[in-house]
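What Swiss-Prot says about this protein:
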ACT_SITE  GLU110  active site, proton acceptor
DOMAIN    116-355  domain 'Radical SAM core'
DISULFID  CYS123-CYS360  disulfide bond
BINDING   CYS130, CYS134, CYS137  [4Fe-4S] cluster binding site
BINDING   GLY184, GLU185, SER216, SER238, LEU239, HIS240, ASN317  S-adenosyl-L-methionine binding site
ACT_SITE  CYS360  active site, S-methylcysteine intermediate
Amino acid sequence: MCNNEAKMSELLSVQSDAPAKKINLMDLTRQQMREFFKELGEKPFRADQLVKWIYHFGEDNFDNMTNINKKLREKLKAVAEIKAPEVAVEQRSADGTIKWAMQVGEQQVETVYIPEADRATLCVSSQVGCALACTFCSTAQQGFNRNLTVSEIIGQVWRASKIIGNFGVTGVRPITNVVMMGMGEPLLNVANVVPAMEIMLDDFAYGLSKRRVTLSTSGVVPALDNLSKMIDVALAISLHAPNDELRDEIVPINKKYNIKTLIDSVNRYLNVSNANHGKVTIEYVMLDHVNDGIEHAHQLAEVLKNTPCKINLIPWNPFPEAPYAKSSNTRIDRFQKTLMEYGFTVIIRKTRGDDIDAACGQLAGDVIDRTKRTAMKRQFGQNIGVTEVN
C-alpha cells in the first residue's frame with residue numbers, strides 16, 4: 001500500500017463503537033486529498049478545487065465554495081472539517097512585527113510575522129516546546145510537550161494570512177517567505193513538517209518558491225540526510241559554536257552529531273538541492289565572551305572552508321534567568337570583519353520584535369506539560385531529543 005493510501009486508510013478508519021471523527025482537510029496534502037475524494041466516490045479533481053478554496057481564498061466554510069455542488073458540500077460537512085489554530089493572544093511590535101500565540105489543543109505555540117520593505121516573512125513553529133535544550137534559547141527552557149500536526153503547522157500560515165489580509169486585501173504585504181524557525185526542532189517532526197511544507201509549495205495552495213521556504217535545524221543528521229529524498233527547500237543550520245567542546249555545552253545535540261558529522265550532511269544536501277543556490281545559511285548567535293572572540297571566528301572559518309554558505313550573526317536576545325549577555329556591537333563587528341577577510345558573506349541580523357519577545361530565541365509559548373522533557377531524558381539519556389530518525 002502506498003503512503004497516501006495508508007494515510008487515508010488511517011484517517012478514514014473509525015471504531016464501530018465510537019462516534020466518527022471528522023477529518024481535518026488541513027491535515028492532507030493535495031495528493032492525499034485526492035485519495036480522500038476517491039474514498040468518497042468523488043472525482044479526484046475536487047481536491048484541487050478544495051485546496052484552492054482553503055489556501056488561495058482562505059475559506060473554511062463548505063457552503064461558500066460555489067463551484068462545488070450542494071450534494072457534495074453536504075457530504076463533506078458530514079465527514080470533514082477545515083480547522084486551523086485560533087489566535088489566543090496577539091502582540092504588535094513598534095517595528096511592525098506581530099506575534100501570535102496560537103491555540104493548539106490545550107497548549108499554545110507562537111507564530112511571528114516580520115514585514116520588511118521587499119518581503120514579509122512568517123516564522124512558524126513545529127513543536128509545542130523543544131527537547132533540544134539549547135542553553136541560550138527561551139523555548140528550550142520550557143521543555144518539550146508534543147509534535148504539531150500538519151494542520152497545526154500549515155494552519156499557522158492560514159491563520160496569519162487571514163489576519164494580515166493575504167487573501168487579496170490591498171495595502172497589506174502578503175507573506176512571501178516562510179521559515180521553520182519557531183518553537184521546536186523541525187527535523188524531529190519530519191512526518192508532519194514535510195507535508196506542511198509541500199502545501200506551502202503547492203501552486204494550488206500558497207505556491208511559494210522552494211527558495212522562499214526555509215527549514216532551520218540544530219542538526220538531526222539522519223533526518224537531514226533523508227530530507228532531500230522527501231522535499232527540496234532552503235536550509236539553515238543553527239551552528240552557534242565553532243568547536244565541539246563549546247557546541248556540546250550550548251547545543252547539546254552536538255554530543256550525538258558533532259560538527260564534522262553535521263557539516264558533512266549539509267554538504268550532501270547541497271549537492272542535490274536546487275533550492276539553496278548552492279549555499280546553506282549558517283546561523284550563529286552572538287554570546288558575549290562565550291563564542292564571539294576572534295579565535296572563534298578563525299575556528300568557524302576553518303570549519304566552513306569547504307561549505308558554500310552565508311553566515312548570519314544573530315545578536316542574542318535575553319530572557320529571564322539566562323546565564324548570558326548580548327555581545328557588544330564592537331565584538332560583533334570585529335567577528336564579522338574577521339570572517340569577511342576569509343571571503344565569507346556575513347550578515348548581522350537586525351533584531352525584530354524584541355519588545356514583544358518575538359525575536360530569535362525568545363519564543364516560549366504556553367507549555368503546560370513540562371514533565372515530558374524529564375521523561376525524554378530518562379528514555380534517551382542526557383542527550384535530550386537526539387533520538388535516531390529512520
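Placement of Cβ uses the backbone N, Cα and C atoms for every residue, glycine included.
Bear in mind that the values here come from a model prediction, so they are computed numbers and not experimental data.
This view paints the features noted in Swiss-Prot onto the structure.
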{"residue": "GLU110", "record": "active site, proton acceptor", "Cβ neighbours (10 Å)": "25"}
{"residue": "CYS130", "record": "[4Fe-4S] cluster binding site", "Cβ neighbours (10 Å)": "31"}
{"residue": "CYS134", "record": "[4Fe-4S] cluster binding site", "Cβ neighbours (10 Å)": "23"}
{"residue": "CYS137", "record": "[4Fe-4S] cluster binding site", "Cβ neighbours (10 Å)": "27"}
{"residue": "GLU185", "record": "S-adenosyl-L-methionine binding site", "Cβ neighbours (10 Å)": "28"}
{"residue": "SER216", "record": "S-adenosyl-L-methionine binding site", "Cβ neighbours (10 Å)": "21"}
{"residue": "SER238", "record": "S-adenosyl-L-methionine binding site", "Cβ neighbours (10 Å)": "24"}
{"residue": "LEU239", "record": "S-adenosyl-L-methionine binding site", "Cβ neighbours (10 Å)": "28"}
{"residue": "HIS240", "record": "S-adenosyl-L-methionine binding site", "Cβ neighbours (10 Å)": "25"}
{"residue": "ASN317", "record": "S-adenosyl-L-methionine binding site", "Cβ neighbours (10 Å)": "22"}
For GLU185 (S-adenosyl-L-methionine binding site), which of the recorded positions GLU110, CYS123, CYS130, CYS137 has the nearest Cα in space?
CYS130
Spatial neighbours of GLY184 (S-adenosyl-L-methionine binding site), counting only the recorded positions CYS123, CYS130, CYS134, CYS137 and Cα distances within 10 Å
CYS130
Cα-Cα distance linking CYS134 ([4Fe-4S] cluster binding site) and ASN317 (S-adenosyl-L-methionine binding site), given in Å to the nearest integer:
14
I'd like the Cβ neighbour count for GLY184 (S-adenosyl-L-methionine binding site), meaning other Cβ atoms within 10 Å of its Cβ, all protein chains included.
31
Recorded positions near LEU239 (S-adenosyl-L-methionine binding site) (Cα-Cα within 10 Å), from GLU110, CYS123, CYS130, CYS134, CYS137:
none
Restricting to the same chain and to sequence separations of six or more, state which residues have a Cβ under 8 Å from that of CYS123 (disulfide bond).
THR111, VAL112, TYR113, ILE114, VAL179, MET181, GLY182
Reduced DSSP assignment, GLU110 (active site, proton acceptor):
strand
